[in-house]
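Straight from TrEMBL, the features:
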type   : residues : note
COILED : 185-212  : coiled coil
DOMAIN : 7-112    : domain 'Calponin-homology (CH)'
REGION : 132-158  : region 'Disordered'
Amino acid sequence: MDKELNEEILQDLFAWIDKIPLSRPKRNITRDFSDGVMAAEVVKYFFPKLVELHNYTPANSIQQKLSNWGTLNRKVFSKLNFHIPEETVKRIVVSTAGVIEPVLCSLRERIDDKRQQCTEDTLLDVEYYNNRNQDKPLTEPPPNDAQMKPGLGKKKEERAHVHQHTDKTSTVLGSQVDPTIRLVLEEKEQALLALQETVEILQIKVNRLEHLVQLKDMRLEDLTRHLERFKARANVP
């Protein structure tokens with residue numbers, strides 16, 4: 001967590017933070033994150049149920065800043081297998097330069113690990129219940145089209161457009177599945193869809209940023225050409 005970060009890693013970290021909607025404008029990362037509020041917002045963006053923002057008060061006093069970071073360590077970071085040492089926290093709250101960046105870099109890694117774990121757990125649960133359902137003999141035949149409730153066909157058509165692992169979830173949501181299991185699978189499916197939407201949104205933002213970079217490069221080239229022409233004319237006797 002105290003490791004030095006090169007310029008490339010820092011720029012990648014700043015770009016990652018810029019994609020996250022935060023309650024305050026990002027001006028100086030050392031001061032912006034000193035009270036812990038924006039760190040809480042970063043985690044909440046990826047795991048909404050993990051953070052209750054009312055527990056974190058924007059502060060100028062060192063005591064309140066320490067309280068915010070202490071709450072994060074106890075209630076949030078512990079669930080991400082992450083912890084910030086007390087001495088590091090003390091340096092963060094007084095806005096010591098170069099301290100918060102490695103912390104945020106490590107936090108980002110833990111967030112990525114947790115998201116990957118959630119996705120893998122979802123797929124394993126779906127596979128488990130799918131196999132269990134296949135092995136379980138049916139006590140009654142599945143309902144035919146006449147017995148199906150209105151609107152069920154429409155829902156099945158919508159599910160057909162989802163990825164393969166989501167299709168597996170749909171196959172086990174029949175009448176023979178225990179209601180508790182069905183509820184768990186539906187929650188997992190919704191969480192997976194939310195992750196997919198997040199990835200799509202981030203990809204759109206990346207594409208926009210790449211386009212902006214291209215426009216800036218073109219503008220820079222244009223200005224460079226104008227400068228060269230100006231210099232050439234200035235050198236003409």
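Glycine is treated like the rest: Cβ placed from N, Cα and C.
Any TrEMBL annotation is an automated prediction that lacks curation.
As the structure is a computational prediction, the values presented were derived from the model and not from experiment.
Note on the domain 'Calponin-homology (CH)' (7-112): DSSP counts are 72 helix, 0 strand, 34 coil. The predicted model assigns the domain 'Calponin-homology (CH)' (7-112) a mean pLDDT of 94.
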